[in-house]
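Q: Quick one: this structure, given as structure tokens, is what I'll be asking you about.
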Amino acid sequence: MAHRILIVDDAAFMRMMIKDILVKNGFEVVAEAENGAQAVEKYKEHSPDLVTMDITMPEMDGITALKEIKQIDAQARIIMCSAMGQQSMVIDAIQAGAKDFIVKPFQADRVLEAINKTLN
């Protein structure tokens with residue numbers, strides 16, 4: 001059975017790019033969200049195997065959403081994706097429970113490496 005993934009990014013183009021990489025490699029994208037608040041709702045609704053989460057988004061940022069999802073499901077597997085290679089953001093995300101961090105613009109193999117490492 002394919003692993004079920006939730007993609008969270010406020011940019012439709014980024015969601016499309018990540019979805020394309022995942023679908024071509026046998027993953028099932030169960031839902032997409034464009035902000036952190038939507039991400040929390042979609043997580044509750046779909047219970048995905050993994051979440052790719054942008055950090056900078058309107059309404060609720062990715063780190064806040066990460067913390068809220070972790071309160072719902074301590075075992076949640078979340079990979080942060082962000083153009084900000086800022087050390088403090090990476091540290092905040094990892095301390096909040098993120099499993100990995102991908103810096104945009106990313107290569108498909110880096111996305112797959114992070115996802116496969118997190119799922120196994």
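Just so you know, glycine gets a Cβ as well, placed from its N, Cα and C.
Feature annotation from Swiss-Prot assigns Mg(2+) binding site to D9, D10, D54, T56; the stated evidence is similarity to another entry. Feature annotation from Swiss-Prot assigns domain 'Response regulatory' to 4-119; the stated evidence is sequence analysis. Under the heading 4-aspartylphosphate, Swiss-Prot lists D54, citing sequence analysis as support.
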Q: As a test of the contact definition, list every same-chain residue at least 6 positions from D9 (Mg(2+) binding site) whose Cβ is closer than 8 Å to its Cβ.
A: R15, I18, E34, T52, M53, D54, M57, C81
Q: An 8 Å radius from the center of the D9, D10, D54, T56 Cβ atoms defines the neighbourhood of the Mg(2+) site; name the other residues of that chain inside it, in order.
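A: Close Cβ neighbours, site residues excluded: V8, A11, M14, E34, N35, I55, M57, G62, C81, S82.
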Q: Looking at the binding-site residues D10, D54, which sits with the largest number of other Cβ atoms within 10 Å of its Cβ?
A: D54
Q: I'd like to know the mean pLDDT over the domain 'Response regulatory' (4-119).
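A: Residues in the domain 'Response regulatory' (4-119) carry a mean pLDDT of 94 in this prediction.
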Q: When a 10 Å sphere is centred on the Cβ of T56 (Mg(2+) binding site), how many other Cβ atoms does it contain?
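A: The answer is 14.
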